[in-house]
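See structure below.
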Amino acid sequence: METHIGSVDGAAAAADNGAVGCPASAVGCPMTSARPAPVSAGEASLGRHLARRLVQVGVSDVFAVPGDFNLTLLDHLIAEPGLRLVGCCNELNAGYAADGYARARGVGACAVTFTVGGLSVLNAIAGAYSENLPVICIAGGPNSNDYGTNRILHHTIGLPDFSQELRCFQTVTCHQAVVTNLEDAHEQIDTAIATALRESKPVYLSISCNLPGLPHPTFSRDPVPFFLAPRLSNKMGLEAAVEATVEFLNKAVKPVLVGGPKLRVAKAGKAFVDLVDASGYAYAVMPSAKGLVPETHPHFIGTYWGAVSTAFCAEIVESADAYLFAGPIFNDYSSVGYSFLLKKDKAIIVQPERVIVGNGPAFGCVMMKEFLSELAKRVNKNTTAYENYKRIFVPEGQPLESEPNEPLRVNVLFKHVQKMLNSDSAVIAETGDSWFNCQKLKLPEGCGYEFQMQYGSIGWSVGALLGYAQGAKDKRVIACIGDGSFQVTAQDVSTMIRCAQNSIIFLINNGGYTIEVEIHDGPYNVIKNWNYTGLVDAIHNGEGKCWTSKVKCEEELTEAIGMALGEKDCLCFIEVIAHKDDTSKELLEWGSRVSAANSRPPNPQ
């Protein structure tokens, strides 16, 4: 049994792939019904072959920055009718955009030039690697005749060895290919793309600048779709894992389920919800899994994030006598400085290909999606934890009413953001206090949600917003970005305007790096204030559609949101003036615990 990439059948299967919360047009795996346009034999060049392969796997947009080593390749990408080249202001944002696009569409791609472009995009590719996103990073390389000649080229560090870029990418991609001849090019390209999809990680593909326009018989006129053999469980291991887990859970009094971020890569969102339905357990999500499973399910109890969890969620999870974590990542951020009150002997850890029950046994070659589906058939129904939650739950209060023209509070801002959400919207949360405020948003069915928790690179959200909005055109995306993060990557607001996107950006201007203030304060956390609306107006420059507003009180915010919701075909930028000390209580708690973890003294030698 094999999975057919690029077929109508594959697209139909993808609609039920378990990627709950993803747009219908942007399934969690990169199968689409897009068919590359046929070309004549004379046009069957390397560049067109790559372009058609990208279209086959679901890439409609490539985020690029031109440079002399990739110009010919870009010509061939542009020539493919099913592919659009999105020119970005810098390579970092192009990489972030490919990251956001992969979140929306299942796979993304960016194109840069040799070394100066490659090393610039490297940070974004590292982030995509940490978040398990298949991004195809294409770099234009030197002329194939220059390899091994002892020549020194521009855009290098002045050595005749051209491998510096390749070696940098080896640590942040799952596969690397340097294409310097036509004979093997088709295999190198196909292997790189297939590996990205199979591993759900970025790949690096360097193509010599003199090759894209050259034809070769292997670049067939009507390319036959390649196949990805699906990963299957070892049946004996699967049965043993299910049996051990059923025994573990069925003897528990108040078991719970917790969804983690690797539900995405395992395409197990639907299987997880099916297990909730079958078991009756209360379920929560880890913060980086928000948006991967529905929050409208009656047994959903919120975000489990240790000391900064949703109210009453941590009490239920940590008091359970058995907890199944599906696809967790336990790092210092998600564990609030390693302060989780969890016991390993009570935990079942289900990773995409492995199950660990308590302190053992462990079962390898067990696919999460299959495991959860089989478990749902055999686990006993037990609603005790959910009933306990209902007994202690007290509805969350509302922010204090604002006085007329009172300076705007951040909790009032997010009260209004909550009202904006529906099934046609999505939320992008930047690293910082927006992490914590956006976690408290209650997502309607079908509302998307993305943030970058594992890598946590400030500025990610601007490029990711560009890419996500380009990949999910059925969504109106709402981005919450701090001023410090915005200063890193602000330029590509111009690309959003060029692409006629209609996202709504809330720029929270509180004068500094708030999240870092709460971890460790110092004068370096204060930034130069910008006229952010003036900056965006200057970027707009009368070309395209863009509307800006600066708000300082709730009355102005209400009016601005009303205008933004009315401007449905326009990029809307709302600068929110906030007090520098106006932070969520969760950030205050989280920051102190992460600070304590960071400042641990060295272990005695």
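Cβ coordinates are placed from backbone N, Cα and C, and glycine is handled just like the others.
Mg(2+) binding, as stated in Swiss-Prot, involves N510, G512; the candidate among D474, D483, D537 given for that site is D483. Fewest Cβ neighbours within 10 Å among the binding-site residues D68, D483, E516: that distinction goes to D68. If you take the CA of D68 (substrate binding site) and look 10 A around it, you hit none of the binding-site residues from D483, N510, G512. In three-state terms derived from DSSP, H155 (substrate binding site) belongs to neither a helical nor a strand segment and is classed as coil.
Listed in sequence order, D483, G484, N525, V526, I527, K580 are the same-chain residues at least 6 apart in sequence whose CB falls under 8 Å from the CB of G512 (Mg(2+) binding site). Across the structure, N510 (Mg(2+) binding site) and H155 (substrate binding site) are spaced 39 Å apart at their Cα atoms. Cβ environment of H155 (substrate binding site): G67, D68, F69, T113, F114, T115, V116 lie under 8 Å away, each six or more residues apart in the same chain.
Residues D68, H155, E516 are the ones the record ties to substrate, and the longest Cα gap between any two of them is 39 Å. Counting every protein chain shown, 22 other Cβ atoms lie within 10 Å of the Cβ of N510 (Mg(2+) binding site). Taken together, the residues in the region 'Thiamine pyrophosphate binding' (433-515) have a mean pLDDT of 96 on the 0 to 100 scale.
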